[in-house]
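Copied over from Swiss-Prot, here are the features:
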- HIS117, ASP143, ASP204: Zn(2+) 1 binding site (BINDING)
- ASP143, GLU176: Zn(2+) 2 binding site (BINDING)
- 1-24: signal peptide (SIGNAL)
Amino acid sequence: MFSALRHRTAALALGVCFILPVHASSPKPGDFANTQARHIATFFPGRMTGTPAEMLSADYIRQQFQQMGYRSDIRTFNSRYIYTARDNRKSWHNVTGSTVIAAHEGKAPQQIIIMAHLDTYAPLSDADADANLGGLTLQGMDDNAAGLGVMLELAERLKNTPTEYGIRFVATSGEEEGKLGAENLLKRMSDTEKKNTLLVINLDNLIVGDKLYFNSGVKTPEAVRKLTRDRALAIARSHGIAATTNPGLNKNYPKGTGCCNDAEIFDKAGIAVLSVEATNWNLGNKDGYQQRAKTPAFPAGNSWHDVRLDNHQHIDKALPGRIERRCRDVMRIMLPLVKELAKAS
């Protein structure tokens, strides 16, 4: 294990439906991501795991990758989650998730995985449904159409760039029901694939939060943290972009580490991760759950799963220009970072 970990660190250190037309390059960083995010949120609301909307959105993303020239396919998996009725009776809901994968081949067998979950929240109880949490009309602009948009723009801008290490773009399913798609992805990986995976980057909830955060996994070695998280923060500073890392004010979440997303699955398996999100770790329980100060536009200080709040119309009104600006900022950080880590020619 130690030798494999050392190998990954050394390898990274060396590198320091509806179809939209795919253009050679976006005029400005973030434009393509913004367009894609709005399209996905508008035309594929209610992307709950196993629903027709999720299947259609998965096929749309696959077609976008193929238009860019990538080999891309959809992998389905069967899973289930518990639903709690009003009388507290619990029952299993069976689902078939759809995960989209596209491959950017490198010269070496090592790879970097860039992930964003495509599913939106499905009500897990009658109480959720009563509170307008999840369901057929949830756009999920923040959670997580914007993450998908950024991933697609990274793929678009890297499609003709030779890299030493391969890059796999993955739109996961089932994140909202317990990281089901990420679990299935890891389960399908061979021991060799796991060993050759230098880093998993997860893009999630990029818009509503006060500022960008770059967090490592609990098990990510310090040397890799410096090459990934700390390097991302340095790039952000060079562009005057407000970005930081978890300050560690909650003892359950150590300084510089993240929580509660698909990256956790890989972190627990001993694979280095970098979580990219927008929130405010200084508020509430200081666990990253409260994204911003409580206001009439965001009464609980977040937009989590709320049909009325997590849509581009509400966000545009409450936070004018935020979607475009945040897509641009994330791209200005992530594109050079990924090029460095993958050793782009």
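The backbone N, Cα and C atoms fix where each Cβ goes, glycine too.
Not measured: the values here are computed from a predicted model.
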> How big is the gap, in Å, between the Cα of GLU176 (Zn(2+) 2 binding site) and that of ASP143 (Zn(2+) 1 binding site), rounded to a whole number?
Replying inline: 10
> Under a criterion of Cβ-Cβ distance under 8 Å and sequence separation of at least 6, what residues of the same chain contact ASP204 (Zn(2+) 1 binding site)?
Replying inline: ALA116, HIS117, ASP143, ASN144, GLY147, GLU175, ASN261, ASP262, SER275, VAL276, GLU277
>> Please identify, from the binding-site residues ASP143, GLU176, the residue with the sparsest Cβ neighbourhood, meaning fewest other Cβ atoms within 10 angstroms.
In response: GLU176
> Relative to the Cβ position of HIS117 (Zn(2+) 1 binding site), how many further Cβ atoms are located within 10 Å?
Replying inline: 29
